[in-house]
Amino acid sequence: MPSYLTRQKTRQTFSWVGRPLPNRKQFQQMYREICMKINDGSEIHIKVGQFVLIQGEDNKKPYVAKLIELFQNGAEVPPKKCARVQWFVRFLEIPVSKRHLLGRSPPAQEIFWYDCSDWDNKINVETIIGPVQVVALAPEEVIPVDQKSEETLFVKLSWNKKDFAPLPPEVLAALREQEDSPEWQKPLKAKIKNVKSPARNTTEQEVKGIKSNHSTSKFHQTPANIVIPNAKKSLELDGLGFTRKPNTRWSKKSSCDSLDYQKTSKRRAAFSETTSPPKKPNKPREIKPSSALETRVKNGQTQPFCAKSSVVLRARNPAMTTTKLGVDNTLSPIRNGLRSSVVPSGGLTPVYIRRKAKEQETHKEPIRTSRVHRKSSLLTLKRIRQQLCLLDGDDRDQEEEESVDSESEEEDEFISSLPTRNSLGQSRTRQTPSKSPQKNPKPRTPHRATPQIRDRNLAVQEPASALEEARLRLHVSAVPDSLPCREQEFQDIYSFVESKLLDGTGGCMYISGVPGTGKTATVHEVIRCLQQAAETDDVPPFQYVEVNGMKLTEPHQVYVQILKKLTGQKATANHAAELLAKQFCGQGSQKETTVLLVDELDLLWTHKQDVMYNLFDWPTHKGAHLIVLTIANTMDLPERIMMNRVSSRLGLTRMSFQPYSHSQLKQILVSRLRNLRAFEDDAIQLVARKVAALSGDARRCLDICRRATEICELSHLRGDSLSLVTVAHLMEAIDEMFSSSYITAIKNSSVVEQSFLRAIIAEFRRSGLEEATFQQIYSQHVALCRMEGLPYPTMSETMAVCSRLGSCRLLLVEPSRNDLLLRVRLNVSQNDVLFALKEE
């Protein structure tokens, strides 16, 4: 897309054109035209009915609208110049969740007629950037992609916040009638022409002059020190219009080898045309070819010149006449920015090549070219492949072109390092040209691979028993039909978000509660119900964005996640914060309300607390249309860790989720296991009371029940009869869930290992320290074994026991190279060790 006038940072002044049309009822003066003056002296006249660009949040993508009215509001002091417009929307302005409804990827020039009346169509005239051309197309017409249409916008469909639809017939007819009218097109072009900078016009004229004096292939081969915009990449060869320069020598024999499919007469005619010098302006100190040379060129003769007496003519301007044929570039020196015209060229035919040519003509052998001629043939093949690539548009030809480029560069390096003529004549070898073209191996990794989830080969197996069905229903990721025991909290959150959506304002709500009390699940259910209401037009449409502090590597990355989910853009944290601040703090009228859910808010705490401050400050701005729902585990988090300026912006709308009671946990389990007989009633009552007394965490209750079903299945495999989950199964599961893994490991350890742990505690109590050497612990271990009548192990066996307990992280030990003096510590508390070692 072109860069609009907003990027030039010019100052604009607006003035009315013509007499006003008074409107006494509304205290307004209507106008038909307005003049926009720029500080460089140019003027742009804009009339009612034209399409204009309006300043927006993104200077690169301004808003597009059609002027309906131009008026001056006399009720305000001072009077303001205003306009009433019909909005268009770009594809990037449509919510990300609705873009898939288009079914295709639109070009950047396509806009959509906004067919809704909820946006404010009254704007300030000073926000107008300038006129723009908009072309209306039928839905079946194709948008052109040529260079002339880059500054033109096209409209084919309309957008009504729900779906894309073709333009109404009356709208399409009016737009096309306006497009065909010369009143809107010619003045527009004339005015915009004055706005363009003279430097750009001069550059365009120079480019046109260059293109007229040179062929397209020469223009493409311009050196890198001259940058010309809009350079064409077309390449034609010989009869197609390719011209060569007089300083480039091409062997007629190499042309025969590379283009043997053409006729001899056509080849001679093409060669005579290519050797003719192009038209160039007269320059001082320019060397002109002799008449003998001109006669030879006209007759189509390509006799070799003598290296000592002949001089290759070169142009004075290397920027416009030098090609990429690397012989002259590598062998001719450069003095004071100009190539020397008296240095022999690398393209001169050596003596041994002429002798070889005479011998081949005598014996009528096939013509063999040297390395320089092979390079010429390679370059000729390269141009042929480029021409075929432009004509056919085949991607494989482009890959072959790259291989030829690399091969020609290797040839350039080889030629630049060639020895002198005498040494070259001595080391000359016969080389057989390769007949099969070189093929590039295809990369193993595809360039345009689309990541996707692997397809399932087999269907999902149905649960084979009631216990498997119960495990599926009791999983924390299973979505229930309803959320029991949270009806009041659901209604409060729903009413808060619904009121903000209907009023078009923003706000914050802080939700707190211990883990597993249904905070996130309740908010998800509220959003799901609101989205269903938005589809039936009960509430205005909105965008839903969710971020979780646990999934962020750094608190400032929350800006990146929000921007990516809102617009699909990727940016750094600082840039994303600026874009979001511009979006939520701007005065745009065509914004859709955004509902932002921030889970694990306490993990977004920073030293300056700027992340929390911005999240709570954005909804307070007028026109932000942002609703923030924050979730944390601490009830008094705002008072404990937040500054006053942060907690005051959070507001007083807070909600606390209390832990579940045993009756509520029982109701949750019964609702999940509805119409399924897998648990005894006493077992459900037991687990509900146990969990309610400890934490009230519903997730922990579901996990205990799932583990109990697994224990029940294992007992059936050992020979017991398959029955319902009993109290014994649940007690075993509760012991596993609430007991420490260290205690379980100590209980399942061997007798020698348990005796070694008792020796460690005995030594700690004797010395009064929580650290001892292996020698001290070993003496205590031997004494305990004698008291209990057990055979005490040797020093090596005790060292192996110590190492094994250290590998289990029950002990913290030094490396074994310290031997008897290595220090040992407990990695668990002494009370836990004594609790695990007590006899039941």
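A Cβ is built for glycine as well, from the same backbone N, Cα and C atoms used for every other residue.
Values in this document were obtained by computation on a predicted structure and should not be read as measured data.
Marked as ATP binding site by Swiss-Prot on the basis of similarity to another entry: V479, G513, V514, P515, G516, T517, G518, K519, T520, A521, E600, N633, R699. Just so you know, the Cβ of E600 (ATP binding site) picks up 17 other Cβ atoms within 10 Å once every protein chain is counted. When secondary structure is read from DSSP and collapsed to three states, E600 (ATP binding site) falls in the coil class.
Sequence annotations record features per position, and here Swiss-Prot assigns Mg(2+) binding site to D599, E600 based on similarity to another entry.
Taken from Swiss-Prot, the feature compositional bias 'Acidic residues' applies to 392-414.
Per Swiss-Prot, the feature compositional bias 'Polar residues' maps to 418-439.
Under the heading phosphoserine, Swiss-Prot lists S197 (among others), citing similarity to another entry as support.
Residues or ranges marked as phosphoserine by Swiss-Prot: S255 (among others).
According to Swiss-Prot, the phosphoserine annotation covers S258 (among others), on the basis of a large-scale study or a structure entry.
Residues or ranges marked as phosphoserine in Swiss-Prot (evidence: similarity to another entry): S276 (among others).
Residues annotated as phosphoserine in Swiss-Prot, with similarity to another entry given as evidence: S291 (among others).
Annotated phosphoserine per Swiss-Prot: S332 (among others), in sequence order.
Annotation source Swiss-Prot lists region 'Necessary and sufficient for ORC complex assembly' at 480-840. Mean pLDDT for the region 'Necessary and sufficient for ORC complex assembly' (480-840) in the predicted structure: 90.
The annotation site 'Histone H4K20me2 binding' is assigned in Swiss-Prot to E93.
Around V514 (ATP binding site), the same-chain residues at least 6 positions away in sequence with a Cβ under 8 Å from its Cβ are N633, F657, P659, S695, G696, D697.
In this structure, the recorded positions E93, D599 were compared by how many other Cβ atoms lie within 10 Å of their Cβ, and the smallest count belongs to D599. Between the binding-site residues G516, T520, G516 has the most other Cβ atoms inside 10 Å of its own Cβ, all protein chains included. Under the three-state DSSP scheme, T520 (ATP binding site) falls in the helix class. DSSP assigns E93 (site 'Histone H4K20me2 binding') to a helix. Each residue contributes its Cα atom, and for E600 (ATP binding site) and E93 (site 'Histone H4K20me2 binding') these two points are 30 Å apart.
In the three-state DSSP reading, R699 (ATP binding site) counts as helix. For E93 (site 'Histone H4K20me2 binding'), the nearest of the binding-site residues V479, G516, G518, T520, R699 in terms of C-alpha separation is T520.
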